[in-house]
């Protein structure tokens, strides 16, 4: 082995220059070599064998704060390292691997023998020993290294506690009040996983206790309790803190919050209101630690119990089983020939399964396995053994009797009778097995190999010297990390967001997002829409929906009622009292207070109001001798409080301008007394009111109401505060149009180091283009349309570029809106396009995680790549919407907004509704439809009695000799109708029954009726003397009738639903039927472009005559038309089944008990075309 140093120039001022230190180099064919060498010589370190079992160890002589390391290849050679690990230790044992980030452990090395590569440690390490382990080296050379270490002296007082009742007590000087910030900091190390670390007492028996439980730190608030057995848990942080390594703890009080920091992680918690008042500082502080050492920075103290001020650290050598090839082989003992065998060990792991111990039974030609399965030792001795804690296992063999003990007193013991003749020739395998041994060749391992740590291996009460194992002087091993426990808690801190539950194995973690409202590998992306507007444009109707106003942000989803019955989409948020509430006068009280609690939380309310275009809330005050603001001093009697947070007092009432102390009547000059600005201020002894809408968003919602003028005799008042109503989503329609491929918008650098989600909608006619990109020195993130059927999400966080691709079966350059959702987190990257299957790409287990960007974020592209041509809308990054329109207004080549939504959303308009474009979205015009509602989807229905009649009058045409321009519109009266389209839904018990009667000025008529034919009901269509009848009515199906004839229907006069008062041109039998009217439900009646039922119910100014009261009903909503029914076509022209025109329509006038209808009838007639019937 060769050993040398390059230089004494190890100092970066003002750090300490290491002039002399001890070096240990190791080659696994030789014993360790301890050399005390001055900083002299050249060449560098190069072991005789180049493999991953070599290491170079530096003893710095004392604890040192190490800030950086630098490596260089061996002088004048082709020997250098390309990757290595760094280990640190205080004792030369129990090594701890240093990681650059939360998971990345390897350091990149050199690319040649001469260049110096220096790495500054993100967090300085305090240790005495440093060990460098080569991972990879120049394939054309060998392991070669010159090393420099940078650091400075580190000194600190220490105290050691024996874990009984030993403590240090600090008496803080009494102060009148707290300072701006109070801080308690310390460092500790321990092998025990439980113990009280710190106990701080205040006044009134309030205290804070910091407790180590199962390797985690828990902060409790206690009142009247002096131990950790009670109290309120404020916060939990850290994991695996019982590893005998130093851990930094800091407790800070900042205003009303406490910050708990453990190593690099900090959590903030609200201080309980009754804990410590500003005028009541902590009076004493007790520190209790079990088997730990402390580095303290506190005032002078007194000790209690057995406290020493030195670090006599116990030596515990652990071994790490890193992968499926890891095993440790130990020889048997000569004492086993007596038949007494004992094997003890401790292990910790995250995996539910793994082989712990294997040995053969040569005489029985068998094998014994001790293994974990579903976190239980075989035979189910105990459970939950994959919790990362140390677990004690002991196997004892005596007189053909085997006993297994787990966790001693806290665990369980099982016994079995079995002959286990172990001898000194027996071999024990811990973890996996050596595949080259005879035992391995005889049997196949049926279990998962163990991944985790073991320590305190004992054979017959003799501790196994694992350092000898490392030196190849005892047993054998493979793929082990000896003298360290490399277990990592991947759930502390948890990367699972929004309440997702983290579980883990040795190499990865998983997030359970059930019931969280979020999805993805880290529960990052919301499964809900961000507004009612977004739900509407997915085709949803009015109802309660979960709204997540900030998407992947911290605000929880909330259940909100979405009212989509109007053109505008309203979000309605209720509170605890929306009813009109009466206030009686009382001489005992001067004021009445009302408080309103909303169904949404504070941050949800603020976000909804902020993102909405308009919000309003009704505020009504009914009064009788109860004034609002009429006082001699000018101060109001009554006011209300509204706005964000606690809100502010407001004196303007519904309909008035904010801050004016007026009411709505003052703006309309309609107040009862012109000398007052409110009706109630007139102080009349009669009921009046001041009501209106509050529309100033900064003053909403109304949080409380104070009514003052209620104590006089005769004073009466009532109030009503309606629900908060908001419409318009400023984020959903925020869009920009890129009219050139070189156009782009720029925004500040995207901050998405660990979690980045990007969502937007786009439409284009181009086949490719970059949607957005953000660059760093090496890292980048980009989303682009690579072809007309493919979207690519590309990024690099230091592990090399990765692409996530989604190919679609339909073109994306169809000038329709398409949705893109991309997410990248520490677990995986995913990409979704519309409703096509998502694509995912897993992140490397121990790769770099932080996305480091430094350029501006470009929407479009500023690089040489092809930019985007088209529209981008609703662009959100980590739940925050970028204001594209605002930036587009000041950017050449980009236009704010993007018209043309009907191409994407027009299909939502149903039942002949017509899509109309709007600047922000679209609306459905239902003027030509028999339906109403946001999507023309709501049936207009009414219940008819036998006396009900609706007559829709069409204007009588002038004489044919007159100017034809005077004729009424063809919408109302065609001179000659060569075709009719009739649709309606009905349900009735009546048969026969008249559904529709249409008359003309030439005594012609058209009738649609239900005819009785034996036991079946039929639909009959009569046009003059021609009668066509379809098959029997299917009560559940949609009926489409397409009829033809050579008859022209000239100059229609009126349409009648229900009873026909004056039948014109009907024979006696048909006239009798028409006079009976219709009893049942009619819905969605449409004749060509006329909707007589809708006109009668919703448009009273239409030319409609209604006899008998008519009220809109929901009777038709129970059987909506199925617009997707399958169709079969039959030719009825000239078939034997045609109806004889002379057949009587009415055999018997009667009503059946069975319900007829419950379906939709669509009938059309065309002259001189084939007759089709569709069912």
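Each residue, glycine too, has its Cβ placed from N, Cα and C.
Automatic prediction, not curation, is the source of TrEMBL annotations.
Residues or ranges marked as disulfide bond by TrEMBL: 871-898. What TrEMBL lists as domain 'F5/8 type C' is 45-152. Residues or ranges marked as domain 'Laminin G' by TrEMBL: 158-311, 317-485, 734-898. Residues or ranges marked as domain 'EGF-like' by TrEMBL: 487-524, 899-937. Here TrEMBL flags 523-575 as domain 'Fibrinogen C-terminal'.
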Helix, strand, coil: count each for the residues of the domain 'EGF-like' (487-524), based on DSSP.
0 helix, 10 strand, 28 coil
Sort the residues of the domain 'F5/8 type C' (45-152) into helix, strand and coil with DSSP and give the three counts.
0 helix, 63 strand, 45 coil
Least buried of the disulfide-bonded residues 871, 898, going by other Cβ atoms within 10 Å?
871
Need one number: mean pLDDT over the domain 'Laminin G' (317-485).
78
